[in-house]
Each structure stands twice: as structure tokens, then as C-alpha cells.
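Single-structure report; data block below.
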Amino acid sequence: MEFFGGKRRKLRLADDQRNACYPHSLQFYLQPPSENISLTEFENLAFERLKLLKSVENLGVSYVKGTEQYQSKLEAELRKLKFSYRENLEDEYEPRRRDHISHFILRLAYCQSEDLRRWFIQQEMDLLRFRFHILPKDKVQSFLKDSHLQFEAISDEEKTLREQDIIASSPSLSGTQLELESVYKIPFADALDLFRGRRVYLEDGFAYVPLKDIVAIILNEFRTKLSKALALTARSLPAVQSDERLQPLLNHLSHSYTGQDYSAQGNAGKISLDQIDSLSTKSFPPCMRQLHRALRENHHLRHGGRMQYGLFLKGIGLTLEQALQFWKQEFIKGKMDPDKFDKGYSYNIRHSFGKEGKRTDYTPYSCMKIILTNPPSQGDYHGCPFRHSDPELLRQKLQAYKISPTGIAQILDLVKGTHYQVACQKYFEVTHNVDDCGFSLSHPNQFFFESQKILNGGKDLKKESTQPETPQPRANVQKSKDASSALASLNSSLEMDMEELEDCFS
């Protein structure tokens, strides 16, 4: 795949050629794309794919995978983002082409670390599972062949001959269901997971797998192939990153946040300094609550903590004047000379508000950025407590926050499964006594504003008349977990990230 600056000249292919390129609405992505595309299209496809995978992740949290609600919501999102999802639809070439190219673009961005690879593989597997479930039965054998999977459906005679054995090995399958179900003859080694669960009939080194169970084997094959492909991509990444046009984009994508922009406009001056202590226990997410407590106890934070906490405060409404007063008062309590603060720290605070240096108006950190970049070391208090804390220390911290034993167990289970943002969302639900918070958490400032809405009866934080105002950061936050609103917010988020990418290429 090559890139150029202008608009892509559309390829004109005959119908049979177009069908041959992408015969199905799903694929194993075995061959990389070979056409030329513009950098603009490269950007757009990358972000559309990222929005799709974020939607897949959100829906997997909001609904039970495979249920009717889950299927309908995900199909609507695929339709909205113009990716392929069903067979037998007219003019499916372009959606399938977008699906193919965008997958390989995100491989470049998400092969760079184990955490990124794990996330990418999981979302792509969930997407493949959805597409396979709605694949017409008469297309399954063709898809398996195109994916280089040597799984053959047995004849009706063979199925009748082994009917009792297959039904006995598949408790949920009745004789009537088996008559309507295809059964596939698969090498034993490919069906080990089913064998371990004693859910498959074996004979002469082959497993006889009903269609309803074959998806587990297909997903396992897909995971294996994609995992190897990502490892190979990571090995060749230095050559790709040597292209100065692509490196900033790929780096941005891998830490990208596709939610709503939490900039300070409209929030400036809405909180006063004497509110911060109270707000920290009621409405701060654990990462910011931890930083606030450390600042109050030690009267100092290292640079990583000052950046993470300072931009958060800026985003919730602290003005530049308030920020200078807040940090100076606290550092002076730590026996710092006022002149030293003015010379060594005031500049950095003004810089974060876009008043010094390049005049960049910095934005608050998203959850993704906090989790994936700049991990804390000894003596640091920044980072994500769910990602960077020892489980036992995290348990003690949650107990100190008066979280119930049941709530702590649920949160720690999510942390164990590396679902750090979902763990923080569960913390929100427990501390605000709600069964479903109604949004998908992806930003500390989102946590704060959603908390204030609940505590103020659905109203935003009232503006304080006593304090000045703050410029604000531009960050991104994801909305609503009640899937409809969650997914709607994903789309509005693209504008912010695209603006940042424009800077990369200008």
C-alpha cells in the first residue's frame, strides 16, 4: 500500500472483479491491500475503524454478546460507519474495501505493545464473531475455503449415521435441530477447546462439530493468525516509521481517544478553590483523588503528577489565576520559597494554559493516555490506580474509600481481566449508588461532570461568582454507555482527533 498527498483516483472494476476482490462481508485479512491511497483517506479510514472497534468494546460492556440487542446495535453502527456487515447487499465493494484497508492500517498502530495487541485482537475477534453469526448458512463453506480453513461439511448420510453420537456430545442440540444444522469434520488438533469441555464427538482423529460450535474454532484460528501477523508487523515497523508522513499518525492512533472533547470553554470559573477538597471525595475519579490527597499531604507533586492533575483541574473549570494561587499556596506549605515557585513553576502552569512557549492550549489527559503512557515510578502519584497499583494496595485504597466488600470484589475482578476503564466505571456506580451509570467511561473529566449531574439532580455544576476563569484543555471523552448515546458520542469525537492530526501533517 502506497500513499500520496492528493485525492485517490477511484478504481473502476467490473462487477465480477469487484466480487472477486471481496467475496464475503467478513474475512481473515490474509492478504494486505496493494492499491495506492491518499494520506487523507489513510487518516479517515484509520479513525473510522478505531471508532468501530471502540463501539464493539462499548457494546460488549453494555450488552451480552450475541443477544438481539447487541446484534442490532452493532449492525446499526456498522451501517452508520459504512463498513461491511451482511452478505447479499447491493454495492458492497466499497464497504468491504474500507474494512480491508482500515484493518491493516490499525495493525500498524496497534502492534507496538502487548497491551495494544491484546486490545486490538479482542475487538477484531468480537467483530468477526458478529459477522459470522449473521453469515447465511449457504455461504459458510465458501468463507471457510477462502480463509484457508480445511473444514468440510459432512453429507446428510454421514450425519444420519453419527446422529446419536453427535447429539450425545452436544447436550444443547436435539435431533430436530441437528437435521437443520450443518456438521463439519475437523482435525482433532483444531478442536482441542471443545474436547477439553467434552462438547464434541471424536472419531478416527477427527472432530464432528455442529455449525453452532464451529465459531469457537474459527475465532481461535483467527486469533492465532492475527497474533502472528501483529508480531511480524511489529518487526517491520521501523521501516514504516521512517516515513515522516506516517510516524506521527501511527503514534497518535495507538494512544488515541475517540470520545467527546472536554475543553474548559464554558466551565471556566465554575469552581472555587475552597470547593476542591469537598469535590475530590465526591466527584473526582480515583486517579485524581489520589493526586489531590498526595498534594495535600506532601505539599508537592512531581512533574507527571502536576501535568495530569493540573490539566484535569483546568478542564473542570479552574482558571489560570486560580491555578497559580492553588499550586503556590500548597507548595509554600512545603517550605518552598515563594520566589522559587514563581521562577520554577509559574511558567509551567502558564504554559499549560497556552500563555507561554508555543501558546498551545493543552487538554486534560484521557483514560487511554493515562493508562498507556508515562507509567509512575517510585515516589510518583500519577497514572491509573486500576492499571498501576498493586492489587492488595488497591483493595486497601478502596476500603479506605468506604467501598462495600461486594463492590471491591467486582472492581478487582475487572482489574484482573485488564478492564481498567470498566473498573473505574464500576467504582462510579458503587460510589453514586446507581445500577447503570448510563455512559461508557473514557475520561477523568467525564467522570467528574457525570458525577456532578447526579449529585445536582441532573443539573450542571453552578458557576461560582467569586473566582476568575480558566482557559481549558482539549481532550476527548467518550459518552454514554447506554449504547445508543455511547456510540453517538464516538462520532462527535472524531473532529478533535482529526484537528490534532492536521497539526502532525502541517
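One-based numbering along the chain as shown.
Note: Cβ is positioned from N, Cα and C throughout, glycine not excepted.
Here's what TrEMBL has on this protein:
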DOMAIN    278-448  domain 'DNA primase large subunit C-terminal'
BINDING   C287, C367, C384, C424  [4Fe-4S] cluster binding site
REGION    460-506  region 'Disordered'
COMPBIAS  467-478  compositional bias 'Polar residues'
COMPBIAS  483-494  compositional bias 'Low complexity'
COMPBIAS  496-506  compositional bias 'Acidic residues'
For the recorded [4Fe-4S] cluster site, whose residues are C287, C367, C384, C424, find every other residue on that chain with a C-beta no more than 8 angstroms from the centre of their C-beta atoms, and list them by sequence position.
P285, P286, I370, I371, P385, F386, R387, Y420, Q421, P444
To see if you understand the setup: which same-chain residues, six or more apart in sequence, place their Cβ under 8 Å from that of C424 ([4Fe-4S] cluster binding site)?
P285, P286, C367, C384, F386, L441, F447
What count of other C-beta atoms do you get within 10 angstroms of the C-beta of C367 ([4Fe-4S] cluster binding site), across all chains shown?
27
Looking at Cβ-Cβ distances, which residues of the chain lie under 8 angstroms from C287 ([4Fe-4S] cluster binding site) while being 6 or more apart from it?
Q308, I370, H382, G383, C384, P385, P444
How many neighbouring Cβ atoms, not counting its own, are there within 10 Å of the Cβ of C384 ([4Fe-4S] cluster binding site)?
26
Where does the mean pLDDT land for the domain 'DNA primase large subunit C-terminal' (278-448)?
92
